[in-house]
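Asks: Would you mind keeping the following structure in view while I ask a few things?
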Amino acid sequence: MDYVNRNLDDKLLCGICGKYFSDDESLREHRRQRHMTCHMCLLCNRRIPENETLREHMKNKHNIWKLFICVCCNWSFGTEIYLKCHEECMKSTGRPGLLKPLAMPMTAPAREASALNTDPQNGSDDVPHSSPSPVPMIAENSIIQASSLKMEPIESADRSSASTSTPRTLVSGTPREKIPCGFCGKDFFHEGSLREHRRRFHMTGHTCLLCNRQIPENETVRDHMKSQHNIKKVYNCLCCNWTFLNQVHLISHKTCLKQTGKPCCRPGHMEPLAIPRTASIRQFFTLKTETQSGDDDSAAGSQLFSARLSCKSCGKFFYSERSLSKHHRQIHMSGHVCVLCNHQMPKTVTVQEHMEKEHNIRLVFNCRCCNWSFATRRCLMSHVECLKKAGDARNVKPVAIPRMAADSILQSLKESEAQEYPDFSAASTTSSGPASTLKTPRMDFKKNLKICTDAVQILVGNGLFSNEQLAQTETWVMIFSNANKLFHSMNSFGEPSVSRDIPM
């Protein structure tokens with residue numbers, strides 16, 4: 001097969017249009033621009049349109065991501081070794097050899113395509129040759145021997161024609177085993193191509209089996225589990241891309257894959273957290289209790305999701321009771337409840353900020369054991385002593401308690417004879433009766449607290465007590481008792497003039 005015919009004047013002739021050229025570069029550029037615009041795919045025997053490139057066709061139709069094209073004849077091959085073997089055959093014999101390309105130009109003569117499936121030594125009308133010169137076989141090529149590529153022996157045409165399917169052949173008459181994709185059914189000739197196809201087309205999205213929601217492509221499974229279900233660590237199977245809660249379930253899943261060839265799942269045992277979006281629950285799940293009749297995917301999914309635990313506050317699903325209790329403790333039970341005003345403080349607001357802003361208490365003391373908050377250090381020490389001796393600390397009234405135990409503790413504090421704060425609401429009572437003292441506005445409480453604080457400052461600021469006396473507990477008991485008297489007098493008659501002669 002001669003692509004270039006030389007005349008007597010040493011000019012290069014184009015075998016398609018008959019034009020003459022002076023050098024090889026001009027002829028190659030002419031063939032690329034004029035005669036190499038369309039190709040014929042030899043895998044599907046279809047003409048590739050001009051608006052679609054050869055690489056796009058191989059990538060979309062046959063999942064072949066890389067091509068090796070001969071610069072001289074514009075034939076396309078799947079590997080670099082076959083391209084070098086083709087070029088070696090062209091240099092030595094002027095013929096392309098026995099390597100069948102993936103695609104060839106549409107302008108190539110019909111005898112070129114027929115010569116690929118015809119034994120050149122048997123003689124042919126389309127391919128004239130004077131002497132039966134041996135065509136170099138693939139196994140005898142020095143390039144392939146150097147690359148240590150194992151080639152299968154050439155089989156006869158009868159065996160290849162007797163097969164029911166028409167697999168792709170790299171050498172004439174040699175079938176290549178196809179590897180089907182388990183998701184879409186496409187066939188591939190290399191495991192690398194199948195792995196790349198699964199990663200690009202079938203592993204882009206996941207379905208969360210906890211909330212039955214589609215995880216978008218811009219969000220990973222780890223981010224979804226961490227933000228929606230409070231699961232900080234997950235384990236992925238590299239084979240099928242399933243996601244599990246712990247490593248024990250992942251190892252059991254891999255063992256099941258090796259033994260049965262398919263992933264198995266039973267409610268409460270080896271259940272994944274998320275599966276690829278294209279995976280069907282009916283197809284991949286082997287439930288412990290099989291359905292009696294032919295149920296659809298929704299029946300299997302309802303049986304699978306029935307074992308999930310849901311949060312009663314927000315409705316989120318969780319894999320285990322431990323995850324549910326942790327979510328309930330961190331999300332719905334975080335923060336404190338103020339005992340003074342019965343206000344629930346959110347997680348972002350600390351007890352110190354609330355007491356300083358609402359009740360003008362600038363310093364609080366927290367118990368490290370139960371996280372209760374007290375107004376004085378003395379109350380905190382009494383609380384700790386009660387914890388050590390009796391194991392119950394409800395005889396000292398706190399100013400704030402954790403939200404998770406607020407209901408039971410507040411009820412017991414109301415019923416018990418605990419240490420009471422000064423009844424600031426009694427000063428603001430009216431003639432409406434004792435029922436009006438149960439609910440005091442917050443502004444009156446803040447006003448009364450400020451009056452009491454001013455009374456203490458008046459007593460301490462008058463210089464009646466020395467530093468040694470202020471260091472004693474009995475002195476402060478006397479100060480608070482006198483401040484209580486001043487508090488009632490200031491509420492009744494306004495701010496009085498305090499004399500230095502206070503009964504000690």
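In case you wondered, yes, glycine gets a Cβ from its N, Cα and C as well.
In case it's useful when we look at the structure, here is the feature table from Swiss-Prot:
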ZN_FING   12-35  zinc finger
ZN_FING   39-62  zinc finger
ZN_FING   68-91  zinc finger
REGION    115-136  region 'Disordered'
REGION    154-173  region 'Disordered'
COMPBIAS  159-172  compositional bias 'Polar residues'
ZN_FING   179-202  zinc finger
ZN_FING   206-229  zinc finger
ZN_FING   235-258  zinc finger
ZN_FING   309-332  zinc finger
ZN_FING   365-389  zinc finger
Asks: What are the DSSP helix, strand and coil residue counts for the zinc finger (12-35)?
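Replies: Summed over the zinc finger (12-35), the classes give 12 helix, 5 strand, 7 coil.
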Asks: What are the DSSP helix, strand and coil residue counts for the zinc finger (39-62)?
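Replies: With helix first, then strand, then coil, the zinc finger (39-62) has 8 helix, 6 strand, 10 coil.
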Asks: With helix taken as DSSP H, G or I, strand as E or B and everything else coil, how many residues of the zinc finger (365-389) land in each class?
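Replies: Taking the zinc finger (365-389) as a whole: 13 helix, 4 strand, 8 coil.
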